[in-house]
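Here TrEMBL flags H99, D102 as active site. Summarising the annotation, TrEMBL assigns Mg(2+) 1 binding site to E230, E266, D294, D337. Residues or ranges marked as Mg(2+) 2 binding site by TrEMBL: E266, H269, D305, D307. Annotated domain 'Xylose isomerase-like TIM barrel' per TrEMBL: 152-306, in sequence order.
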Amino acid sequence: MTDFFKGLSQVKFEGPQSRSPLAYRHYNKDEMIAGKRMEDHIRPAIAYWHTFAQEGGDPFGGRTFDRPWFDKGLEGAKLKAEVAFEFFDLIDVPFFAFHDVDVAPEGATLDESNKNLRVIGDIIGQKMQQSGKKLLWGTANLFSNRRYMAGAATNPDPEVFAYAAGQVKAVLELTHELGGENYVLWGGREGYETLLNTKIGQEQDQMARFLTLVIEHAEKIGFTGQILIEPKPQEPSKHQYDYDVATVYGFLQKYGLEKKVKCNIEVGHAFLAGHSFEHELAVASSLGMLGSVDANRNDLQSGWDTDHFPNNAGEMALAFYYILKQGGLGKGGFNFDAKVRRQSLDAADLLHGHVLGLDTLARGLKGAVALIEDGEFDKLLDDRYAGWDNGLGQDILGGKLSLADIAAKVQADGINPQPRSGRQEYLENLVNRFV
Ligand code: XUL
Ligand code: CO
């Protein structure tokens, strides 16, 4: 045991009336809800980067957090892993997620980095066995090092592509060895700053080649997890190719990869793309592309990706509605891609942030289940489209009528449709009853 979390004990469910400063009020992992344990619905994960590697810096000032593993190389990484698994136990969450550089220090060469990753990967593997904790996903950081400033797969220099490929190979293999259920690709620098120095078509071809290589290697090593792309429209690049779910789908379709890849959808990224979170979920689900979620929220005034912990139960209820409607996230889950604020210095703050997130998700889940079980919401939606279930609607959809046939039918049958209310406020009140 380290003394990082000295004086803190495992967070327990105590119910909404609890006065304890640190307790779950809504997240009750073993509670059965719609036939499944709450934990199995949510499949929550701790993001290694925000919780253990984040330093509390911002563009105006550096590190505010004082962590005993900072600046200590491989020894520091070992201590960090100790503390991470202590945290997973204290917060009582089954999964975690990492980038290579979060867990092990980068070396001067790919070989050196991979050796460090191997050392820490073995330690993490042992700790997973002892604790029963699981890996939701692994990913390679292809955006922080200056070599990636002009992209990884989309770099004008093929040697950068090659280096990135070597990095992904190592992390994909480690993810597979650790039983990871997903592998994520977030293309932070796969985009451009200015068109003046960029060939968009060329870069897209490179990106597709990279993804194809990753898929092929995953198949070759027997990785059966999901390969996920995480859409985001900008930041750090001015224009990112994986703008949103629809854009990602178009890209995948162009290169024939749409059956091989799904999306990891992040709340804050949806907002940056000018969408709501539920929009991205609903679009992904309708395309069979909803694989997993990065849970957080943005400071909506900042216009930036602030990775706050989720605190909007209403938003999460609508999110869970689409997730439940597709029968859950399967191998995916809810990764807390969220960080405590730079003034939140204490070890306990890490727990408070995640409790906020989990209680918010629990309330959202319960709200969505209640909404679905009540049935009126779904019925109203079905009623709105009922015309398409038979008669004219089916004839149109089934391709039985040409444009001329339809026009003739309007005349012959005297069709003159009367507008009906969309009942938005009625529906908002209905949803409010359950959240
Ligand atoms: C960045 C972001 C990443 C990905 C993993 O905005 O969301 O942390 O989740 O690379
Ligand atoms: Co993310």
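The backbone N, Cα and C atoms fix where each Cβ goes, and this holds for glycine too.
All TrEMBL annotations are machine predictions without curation.
Spatial neighbours are here defined as Cα atoms within 10 angstroms of one another, and by that definition the neighbours of D307 (Mg(2+) 2 binding site) among the recorded positions H99, D102, D337 are D337.
Other residues of the chain with a Cβ within 8 Å of the Cβ centroid of E266, H269, D305, D307, the Mg(2+) 2 site, are K232, V267, G268, L272, D294, N296, N298, D337. Taken in sequence order, the recorded positions H99, E266, H269, D294, D307, D337 that lie near ligand 2, meaning a CB under 6 Å from one of its atoms, are E266, D294, D337. Shown in sequence order, W186, K232, N264, I265, V267, G268, H269, V293, A295, N296, N335 are the same-chain residues outside E230, E266, D294, D337 whose Cβ sits within 8 Å of the Cβ centre of the Mg(2+) 1 site. In the predicted model, the domain 'Xylose isomerase-like TIM barrel' (152-306) shows an average pLDDT of 98. Ligand 1 lies under 6 Å from the Cβ of D294, D305, out of the recorded positions D102, D294, D305, D307. Within 10 Å of D294 (Mg(2+) 1 binding site), counting CA to CA, the recorded positions H99, D102, D305 contribute nothing.
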